[in-house]
Amino acid sequence: MPMGRFLSLVRGDSAESPREITSQSNIIGDTGSNGWLIRFFDSAFFCEWIAVSYLYKHPHAGVRDYLCNRMYTLPLSGIESYLFQICYMMVHKPSPSLDKFVIDICGKSLKIALKVHWFLLAELEDADDNEGISRIQEKCQIAATLMGEWSPLMRPQNEVSTPGSKNQVLNRLLSSKQKLFSLKLSPPTQKSLSFSPSPGTNVQDDGSQLPAEDNKIFKKLIPSPKVRDALMFRKSADKDDEESEKEGFFKRLLRDSKGEGDEPIPNSEGFFKRLLKDNKSEDEDITNSSEGFFKRLLSSKGESEELTSSSDGLFKRLLRDNKGDEEELGANSDSFFKRLLRESKNEDEESNPNSEGFFKKLFRDSKPEDDKVPKEVDDEDKDGFLKKLFREKNDDKRHGSEKNEANGTVYADKKSGEEDEREGFFKKFFKEKSDDKKDIVKVDDGNESEGDESPEFSLFKRLFRIHPEDAKPTSENENSSNGLVESSPGTENFFRKLFRDRDQSVEDSELFGSKKHKEKRPGSPKQRDDTPSGKPPLPNNTASQFRKGAYHESLEFVQALCETSYGLVDIFPIEDRKIGLRESLAEINFHLSEAEITGGICFPMGRGVFRVVHIPEDECILLNSREKAPYMISVEVLKAETPSAKESSNSQKLSKGGIPLANGDAFLQKPPPWAYPLWTTQEVYRNSADRMSLSTAQAIDQAMTPKSEVKVKLVNVSLSVEDRTSALESFGDPIDDVLGEAPRTGLNNDLEWVRVVVTADPGLRMESIPDPSVPRKKEHRRVPSTVAMEEVRAAAAKGEAPPGLPLKGAGQDSSDAQPRANGGMLKEGDALSGELWEGKRDRIRKASIYGKLPGWDLRSIIVKSGDDCRQEHLAVQLISHFYDIFQEAGLPLWLRPYEVLVTSSYTALIETIPDTASIHSIKSRYPNITSLRDFFVAKYKENSPSFKLAQRNFVESMAGYSLVCYLLQVKDRHNGNLLLDEEGHIIHIDFGFMLSNSPGGVNFESAPFKLTRELLEVMDSDADGVPSEFFDYFKVLCIQGFLTCRKHAERIILLVEMLQDSGFPCFKGGPRTIQNLRKRFHLSLTEEQCVSLVLSLISSSLDAWRTRQYDYYQRVLNGIL
């Protein structure tokens, strides 16, 4: 199937990005093989992993452009899990489309923008081309702050949000008919809208609040390209009154009225139609309330019975010399805007200074001109409204004001109060060069020669015309206006300034224009965040200020934490180091309170959007380290007030053990049924968790378990459905074998009955029943289900023996260890870390001043400096993928992914795992416990249901981490890097040595994984590997896990291969690192051979001598028990 077009994203001009590449050139090739690739990208198989992997494998620009366009349709949570690889490819495999995509997603998520900044900062410190990385980093920063679409972390305290309104001032302008759109004379004492250039918000006399920047009020009056198209092709569209209430402001503003014969209504008549309406129907009775906006405005300058002739264009009428004969109008006929624009110089006029109108302050000019005006209007409008509109730039150069041309707003900190009042709204938008007035007049004169079209329609054709590249012939009106495209430079200049979609700087073209000019085309990036949130957004100026503040304050917060860890290294002794840590945290807390004013500080880790409010100084813990000073802190956070709809709707996925998925939405999507061959559909979609081949399952059963006994059929059971009448008759029969009945209601509401008949087997004899001493069942339950886990928990709560678990251990009897354990002050139910996380959380919440606020939560992190933790981030990312692989296969192998956030090449934030303790700390705290089994017996009470459940959790986690340690060659596995949680799971941390590097450069830990005597004792085995139920369960889980990982070998290998040129210590082996990783998956072996392979790996790891010697070395050198 040939591919028609490729979508491409170009770094140069955002107005043309994404653009269509109409020439196929050599993208597809002669064979057209890439056509299948495009179909694959458009299928249901497409996900984040496919996008990232093909971005790495395919260097062709067309493929990368198409992939980046498709990535816009993927959820941000999935993209975030591969952000490390994406940023790495940005630096080492640059692509304009990839740069554009990363810049765009930085504007959609604050957490992504922060992580991109830190990832690029780490690469910036290593790379030689610092200018290119710094330029991308700056663009991402601008996209996240000035053009950000993410909701601010908090709202300003002095802002009141009104539901159903996007802007309070616009809402007031549109809804207040009496104050703004009525020609009735207002009393002198009427309260008017006041405007102030202060950066805050202004309170009206009647109590309502208004933003300060006047330009911000009208910035949305700039029509978008879609509105321009609607004006050209939908000029006379009929709309109901109900639809007019539901439609947006600009549709109601720019829509034409229903008909000229109907009675005009102010709200239903379009703004520009009233602006351009000719005075053809002079005899028609038009009331004050039905007159057009500008018609009423200009009525004081024209004749009372006729405004102008219909043949004159708009601007010619606007620029007409007002020296003509004008009749003196009385006070009752004064128009509304005439009163608003009345010169404030004359103190003896009817309106006093306190009643200055809203628009009067908008259009007020600070310096009067010396233009000559008739005496009739000298007291009313000295300079004239139109002269203010088209005032030339010569006085603007004297008062240079900095304007944000991207979104049409003027920041309060860059303008003084006099400049705010000096420049009116229309003056700013219609500001032109000195020859603009002449050009506009010439254009209007030229338009008079076109008699077929009305002057107002030709005006729209000139104003809202489409760029030649974007022009599409869809109607005869557009084809007839081809001559208007090549209009005068003055109009083109005017329009470029008004809509700012062509002549922009490089920064504007890539960042500021992307928000306005993304066009929806088939296959192009979809606007996923178009759905409005429940709360109205902030005005853009305030929102961008808050976004900018939150972005920079979050960066400074993390930098202060990391610099604290870096500075504590030089402080001795340790007691002074703890004092210095608390003093530094106190200073950080002071900055936290100040950051609340500028937008808050984002907590960059975990799910959801939270802002940091406080760090309890007394809860900080300085961790043990000889050369560095890592520390652990608890952080009080509050959930952001305006979370995105996607984050609030996504429920947190939990595993069987209650651990959230590390990858979240990044799961591989299940293809539709039609994508599979017919003979494999049922096999793929079956719900069974065991997906091994039949031969593999038979091999495991033959090696691990005895044959099951033969079942004896004792009874025959038959079911039948009868009508209510016949069922009742049979129910009355005393000679009936009905044991139970249940009513059932059919579709016709006739009552039916289900008859259950149980009869004994006539051919059964007592000799047929076997002896009760039959071989045991397969109690190891090769793939335990969630139901089985719940059975164990329920049985443990009742104090009964759970089904499917052995009652006695097959290993050594450790009953004599019970008094020693009790003597070590460890009691059943004691917390491993001294205090359970929930208890600590409740205690801190009660003591905190923020604890009663909604959305309060407590997070714990480790701040580490002095180490390059990018390798640690890669290891945790790989563990997350192994976790997802086991979850997709339905295997009970247990892993605990955690987050490592790299903030530079030598600093990082690490998520702490609550309610855990290392084996070393457990032995140190309870000196009378000499082995890990002693701890299990003391904590869970031997042979109790909780003890069996803890053993099961230990085995499932041991199997998962054993496979990970073998495949990734994780070293340095001493007891300080092995944690235990409250449920008995074992957790591995600290992945500084993996793949090809080892401690000291000597591969002393040569065993596939750590399986020492004390670990085997917990599984009811010993150093010789004596069979036991839990040890057999461990073997089966290792076999199933290894076979499942082989199916996803390319997924793991490619993820590592993407970073092989990064210079991480784990890649010091060069290309052999990837080759050896591939060999460890043994992709050439059959599944039966893999069973024998895994069993041999377990045998070689049983209490290996080198593993024991390494533990002894750590005990002697570092005191690790």
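From the backbone N, Cα and C atoms, a Cβ is placed for every residue, glycine too.
Features as listed in Swiss-Prot:
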DOMAIN    1-143  domain 'PIK helical'
REGION    187-210  region 'Disordered'
REGION    212-508  region '11 X 20 AA approximate repeats (PPC)'
REPEAT    266-285  repeat '3'
REGION    343-421  region 'Disordered'
REPEAT    353-372  repeat '7'
COMPBIAS  358-376  compositional bias 'Basic and acidic residues'
COMPBIAS  383-405  compositional bias 'Basic and acidic residues'
COMPBIAS  412-421  compositional bias 'Basic and acidic residues'
REPEAT    420-438  repeat '9'
REGION    435-489  region 'Disordered'
COMPBIAS  435-445  compositional bias 'Basic and acidic residues'
COMPBIAS  466-475  compositional bias 'Basic and acidic residues'
REPEAT    489-508  repeat '11'
REGION    506-544  region 'Disordered'
REGION    794-825  region 'Disordered'
DOMAIN    835-1106  domain 'PI3K/PI4K catalytic'
REGION    841-847  region 'G-loop'
REGION    969-977  region 'Catalytic loop'
REGION    988-1012  region 'Activation loop'
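Secondary structure of the region 'Catalytic loop' (969-977) per DSSP, as helix, strand and coil residue counts: 0 helix, 0 strand, 9 coil. Looking just at the region 'Activation loop' (988-1012), the mean pLDDT is 88. Secondary structure of the region 'G-loop' (841-847) per DSSP (helix as H, G, I; strand as E, B; remaining residues coil): 7 helix, 0 strand, 0 coil.
Across the region 'Activation loop' (988-1012), DSSP classifies residues as 3 helix, 2 strand, 20 coil.
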